[in-house]
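TrEMBL has this to say about the protein:
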type	residues	note
REGION	1-21	region 'Disordered'
TRANSMEM	144-163	transmembrane segment
TRANSMEM	183-203	transmembrane segment
DOMAIN	201-489	domain 'FAE'
DOMAIN	506-586	domain 'Beta-ketoacyl-[acyl-carrier-protein] synthase III C-terminal'
Amino acid sequence: MTRKSNKGSPTLPVGGGRPASLNYPIRPRFINYSLISSRLRHRARLPYIRPQPGTGHTITNTPLQPIRLAPHRIAPTNCTLHRSGAHGRQFAQRKTKLVRTTRRASVGAVRGGGEGVSESIMPGAGAGYSGSVKLKYVKLGYQYLVNHFLTLLLVPVMAATALELARMGPGELLSLWRSLQLDLVHILCSAFLVVFVGTVYFMSRPRPVYLVDYSCYKPPPSCRVPFATFMEHTRLITDDEKSVRFQTRILERSGLGEETCLPPANHYIPPNPSMEASRAEAQLVIFSAIDDLVRRTGLKPKDIDILVVNCSLFSPTPSLSAMIINKYKLRSNIRSFNLSGMGCSAGLISLDLARDMLQVHPNSNALVVSTEIITPNFYWGTRRDMMLPNCLFRMGAAAILLSNRRREARRAKYRLMHVVRTHKGADDRAYRCVYEEEDEQGHSGISLSKELMAIAGDALKSNITTIGPLVLPMSEQLLFFFRLVGRKLINKKWKPYIPDFKLAFEHFCIHAGGRAVIDELQKNLDLSAQHVEASRMTLHRFGNTSSSSLWYELAYIEAKGRMRRGDRVWQIGFGSGFKCNSAVWKCLRTVKTPANGPWDDCIHRYPVDIPEVVKL
C-alpha cells in the first residue's frame, strides 16, 4: 500500500520506509527559503537567493515563484533543502539568522520608499539611501517653510500678544483704552472706512463660476470601426498601395483601440460626405449629449441664458447654435455664440467665453457644447501629412452646464479657478503647422506639419509660464526665480528649472490628440503613468474626439472613483493657429461613480496595456 508524495516525488510506503532500490532522500522537514513576498522583494530590489551547488543540499529543479506571506507565517515553497540530524539543526539556525536579516532589510526598504536596503544585504547602498532620505526631508522642510511662512511668522506674534494681554490686569487694559483718546467722530469714521473697503472688495471680486454637471456622447456599437474594417475600407476606396501601408503603420502606432467610432456616413463605400449626412451627425451627437445633461440636472430650456457651441470644421448656415435653439425652443433673448475654425482647443475657448459672459450677467446659466463633425472632412488624396486625421479623429461631443448662481454651489461638482490662453499665430511656422488646404489633385484636407510637436512644446512653455504663478506653491516659484536669475547672472548653461506641477494638481487631463502629444507632455512635465492614464485610455477607447476629449478624460477619472473634494484638475488643450489653452478646476465634493456615462460598460476593463506597435 503506497501513497503519492507532493510535487510529483516517487511513491513511498505508507509505513514510512523506502525501497532499497530507491536512492532518494526522504524529506523529514521543509525549510522555506523564499520568505520575502514578491512586493517586498521588488521594493527592496532583492534578488532570489538560491542554494549554492556543492554544499551537500539536494535542490529540486522546480523554478522559484514569488510567494505572498502574512507576517510570522511560513508557507510551502517550491525550493526545498533536505538535511537531517546535527547538520540540519545548524543549517536551520543559519537559515533563521538569514531570514531575520532579510526581513530587516525588506522592512527598511519599504519604510524608506524602496531606495535602498540594509548594508548587510547590499553593501555600499546605505550611504546613497541615507543621502536620498536626507535630501527628501530637506526638500519637504523647505516646501513647508516657504508655503507656510506667514503662518509661522504670525503665530509667535499672536501668542506673545495673547500672553501679554493675559498678564495685564483689567485696570491696565482700561487705562490703555483711555490713553487712545478716541471720540465718537473717530469711531464713526473708522467704521465707515471699514464698511466702504469691504463693500468695494466684495463688489469687485469676480463671480464664482460653477460646473453643475456635464455629459459626453457615447456612440452606439454599430458605429465602431475595428482596425480590420478600417483597413478593408481603405483598400476598397484607394488603389494606392503606399497610402494603404502608410495608414496601416499610423494605426499600429496610434494608441487607438478596436472600439473607436466613425459616423454612419463614413461606413459607406465610398464615404458619403454630404451636407445632409453632416447635419445628421451633428444632430445625433449634440442632441444626445444635451438630452443626457437635461436628465442629469433637470435643466429646463427657459433656464438657459447663454449658449456657446464650438465645432471647428463644420460651420453650416443656420449655425449649430441656431439648430439647438430650434430643437429645444430656447428663449428669444438668449445670448448664443457659434465658434468655428479654432481647432481642438476650442472647448476651453468656449469655457473662457462663457465665464466672461457669466461675469457680466448675474444669476445666469450657460450651456457649452463642444464637438467635431467628422463626416465632411474625409480626405480622399494620397498626401501623407493629410492622411493622419483620417486615422486619428473619431466622433464625440460633450455638453457642459455652467452657472454663477449661489444656490447651484450645493450640487455643483467643480468650480472654475483659472483659464489661461496662449496664441502663437504671429509665428508663420505655428500658423501653418495645422492647415486646411487642397492637394495637387484638388482634394481638401487638414495637413499636419512635422514641426507640430516642437511648436506645441513652445506654446506649452508660454502657457505654463503664465499659469505657474497662479497655481504653484511659493516654494516652486522661488526655485524657478532663483534658477532664472542664476542663468542670467552666473551661468547661462544652467538648465531651466521645470516646476513640479504635481504639487499644484492631483489630476491632469491632456488633450488626447495622439500618442506623441501625450508622451511629450508626460516627459516635459515629469508626470507618472497614472497622471496620463486618463488621456491614454480615452485615446484608446474613443480616439481623438477633438475639443470634447478633455471631458471624456474627466469622466474616466470620475468613473474610477478618484475624484475627491478639494482635488485640483488641470485641463490642457492644443489647437490650430497655434494655440495652447489651460483650465483649472477645483472639486467641490467627492464625486460618486456615475451610473450612466461613456465609461459605464467598459471601465472595469481599464486601464489596459497599450503596446508600442500593434501588428495588423
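Cβ coordinates come from backbone N, Cα and C, glycine included.
Long-range contacts of the transmembrane segment (183-203) within the same chain, counting only residues at least 6 positions beyond its ends with a Cβ under 8 Å from a Cβ of the stretch, are absent. In the predicted model, the domain 'Beta-ketoacyl-[acyl-carrier-protein] synthase III C-terminal' (506-586) has a mean pLDDT of 94.
Taken through DSSP, the domain 'Beta-ketoacyl-[acyl-carrier-protein] synthase III C-terminal' (506-586) splits into 34 helix, 21 strand, 26 coil.
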